[in-house]
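Features of the protein shown, as given by Swiss-Prot:
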- 16: site 'Transition state stabilizer' (SITE)
- 21: site 'Transition state stabilizer' (SITE)
- 155: site 'Positions MEP for the nucleophilic attack' (SITE)
- 211: site 'Positions MEP for the nucleophilic attack' (SITE)
């Protein structure tokens, strides 16, 4: 059986939000709890590494016990950028691991069904894959100075990318190591693998698997929760 480690990235500074968005309560528990719990409840994920800010280390040590999240076996300090945080987690893996599944702590609404679908695809095909949804709106390239439209992109080939993202362990570790050596900063983990010429595939995700980034996202979240059972 393949050994899978989950990495939950909770080391962001929430600059755009104005407060620690991960601690905002949803039905009595903070956002971060649900993001970890989704991975925790999947039997194929053996262990979880939680990446946190230094000033939150003691808080999470206590809460992981309170929340009975036994699969969280290690807390790792984050870096300056998200990419640094993930690399710190990858370096901390101290046992044989076949795959790594990386998830943003600010995405509490991903379904267990979709995570399991992602795991099945990767392990059965020995491939890397990520969740994403097709773009529905028209996307244009705009000159930020003049605001002139430069190009209209073919949306039939465009996808909005989400997490979790899953990779064979040695591939994602090498991709992060290479990016660090070459001072390359990608917008997600998959972009680091892509630049090595290694294929990454997309599994269609769900529109409600949004990343809570601004107060507007919170309003959207509250509206959805009033009508559903996403957590």
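We count from 1, first residue shown onward.
Glycine residues also receive a Cβ, built from the backbone N, Cα and C atoms like all the rest.
Because the structure is a prediction, the values reported are computed rather than measured.
Distribution of Swiss-Prot features across the structure.
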residue	record	Cβ neighbours (10 Å)
21	site 'Transition state stabilizer'	22
155	site 'Positions MEP for the nucleophilic attack'	13
211	site 'Positions MEP for the nucleophilic attack'	16
Assigned conformation of residue 211 (site 'Positions MEP for the nucleophilic attack') - DSSP reduced to three states:
coil
Give me the CA-CA distance between residue 21 (site 'Transition state stabilizer') and residue 155 (site 'Positions MEP for the nucleophilic attack'), in Å, as a whole number.
31
